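Asker: The structure's right below; bear with me while I get my questions together.
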């Protein structure tokens, strides 16, 4: 299939960029962007490669994404080697095809076509690309955003190429994301022999009533834009592995995906109050992965909806469901942020794939968004 979007996607897939290793993907993108007049600034931090590229000046539309991918898993279970892109029955297979090398290729080709038609565009077009989104995400987009904010860089609109679609490209646009807060809690007891419980203090038994109340809390009812806040226990750990030892400590890890009805401080206060209510001895460590954000109808959402309607003749759902993305960092700059990308049915799975025609369509949509906001 001779198509610049498909060809570039295949070139990117061939580079096994397991997070945070970029494996040469960004060099490929940078070469293409410099060729059409972009200024490129590398912003590497630690083991992570990032770049910020721009063309023009004024009101700024940035396209954001990541070159890293998750591990392929058992390569023998793939219909073809995961880093050897193959097209079968119109589907392009390979790790990263949907998440998100197809989007990156569509962005670059859209920019090439846009610049060819609008060499003197009135506003600024930019790219923010990282190699660490799938892993720790500590030296990636968040560090670039901090640098841009320190020098008061302008960012008005940002389109993140995450695979937002569910059945056909453009059927879902993410115009916000829930916040993510993780609690690492340890309940302290006294270790002892199970035959002499009066000489010990079992932290699992102590914690059980508190955990029962915790999992039954209705945190909020959500709102027009967000589903209700969710709390899920992710990991439990206690004991020595022996059946005759009462554990001394009991570790519980739980995560909140929270709406704009709550703040992280409100959640923390309620959890601590619960621990105090049950008179537990504990230590606690919190990790805030991201605050909730929302982009309401405005120039960016309107441009995205227009592009989808023009090329796919559908009206997208505007949703805030799903996991976190780097959009949570970019929103700190005050930018309108949305996510539009290919169908996400196979992301992170064996035999990850994307409809090749969808990537061609996505490039056209991206180009039309550029035309509405940058030309």
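Glycine residues also receive a Cβ, built from the backbone N, Cα and C atoms like all the rest.
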Asker: Of 7, 153, 162, which one shares the Zn(2+) 1 site with 66, 99 in Swiss-Prot?
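Answerer: So, going by the record in Swiss-Prot, that would be 162.
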Asker: Name the one residue among 68, 99, 162 whose Cα is closest in three-dimensional space to that of residue 348 (Zn(2+) 2 binding site); these are the recorded positions.
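Answerer: Nearest by Cα distance to residue 348 (Zn(2+) 2 binding site): 99.
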Asker: Quick one: of 66, 348, which of the binding-site residues has the smallest count of other CB atoms within 10 A?
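Answerer: Least crowded of the binding-site residues 66, 348, by Cβ count within 10 Å, is 348.
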Asker: Give the sequence-ordered list of residues that share a chain with residue 133 (active site, proton acceptor), lie 6 or more positions from it, and have CB atoms under 8 Å from its CB.
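Answerer: In sequence order, the residues whose Cβ lies under 8 Å from that of residue 133 (active site, proton acceptor) (at least 6 apart) are 19, 66, 68, 140, 141, 325, 326.
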Asker: Cβ neighbours within 10 Å, counted over all protein chains: which one of the recorded positions 68, 134 has the most?
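Answerer: In terms of Cβ crowding, the pick is 68.
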Asker: Can you tell me how far the Cα of residue 162 (Zn(2+) 1 binding site) sits from the Cα of residue 134 (Zn(2+) 2 binding site), in Å?
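Answerer: Residue 162 (Zn(2+) 1 binding site) to residue 134 (Zn(2+) 2 binding site), Cα-Cα distance: 12 Å.
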Asker: Residue 99 (Zn(2+) 1 binding site) to residue 134 (Zn(2+) 2 binding site): how many Å between their Cα atoms?
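Answerer: The separation of the Cα atoms works out to 10 Å.
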Asker: Compute the mean position of the Cβ atoms of 99, 134, 348, which form the recorded Zn(2+) 2 site, and then list in sequence order the other residues of that chain whose Cβ is within 8 Å of it.
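Answerer: Close Cβ neighbours, site residues excluded: 69, 70, 96, 100, 347.
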